[in-house]
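To start, the structure itself, in structure tokens.
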Amino acid sequence: MQTYQKDFIDFVIGCEVLRFGEFTLKSGRQSPYFFNAGLFNTGARLGRLGEFYAQTLTSGGIRADVLYGPAYKGIPLVAATAIALARVSGEEIPYAFNRKEAKDHGEGGTLVGAPLQGEVLIVDDVITAGTSVRESIEIIRGAGARPCGVLIALDREEIGQSGKSAVEEVQDSLGIPVHAIVGFRHLIDYLRGSGRVRELAALEDYRSRYGTA
């Protein structure tokens, strides 16, 4: 685990985006942790999140001509990432996002921001069913550009009904890589390193039942 990944886990625990306990997921599973990206709801938190996205891009050597944020959750995420890249690395990557409803006046259409061209990286919080990613790919290809990957905050690394994780399904069916700031394995490494025995045992048990590895 890289230093920025440990710092990210410290950050999300500190602002209670990541909580440990007993939670019922939409799937009906009982999870020992919950990741609520809706709590990136202040300027300071959003700015810090953008820095972690930017660090993931630069440390992984991930290249893109345009960043794209799917409405609605992806809009502040893609803007924060573009700002952080410009401030931290001096790299100016244009960004765009879509509207849910087409606009029939002004510039019109469903796309806002930079033109979608070349290699386009999708920025989102998590992948649950992959619906948002599939819709984004249709939009990007429809504009004549090429989706080159997806950047998310957390990869849960747990299998669904298909026997694959949501991220694996996206990668296999759509043929594009998914990059995450951290994965479930990093949460386990973090808990092991910080001596949080009870939470560690709960997450290891969860991984033994639902984990991808």
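Note that Cβ sites are derived from N, Cα and C of the backbone, with glycine treated the same way.
The orotate site in Swiss-Prot is built from Phe34, Phe35, Thr128 plus one of Arg63, Arg99, Arg156, namely Arg156. Using the Cβ center of Phe34, Phe35, Thr128, Arg156 for orotate, the list of other same-chain residues with Cβ within 8 Å runs, in sequence order, Leu25, Ser31, Tyr33, Val126, Leu154. For Ile127 (5-phospho-alpha-D-ribose 1-diphosphate binding site), applying a Cβ distance below 8 Å and a minimum sequence separation of six or more within one chain yields Val133, Val150, Ile152, Asp155, Ala166, Val167, Val170, Val178. Using CA atoms as reference points, the binding-site residues Lys26, Lys73, Asp125, Ala129 were checked against Phe35 (orotate binding site), and the closest is Asp125. Pairwise Cα distances among Phe34, Phe35, Thr128, Arg156, which the record gives as the binders of orotate, peak at 13 Å.
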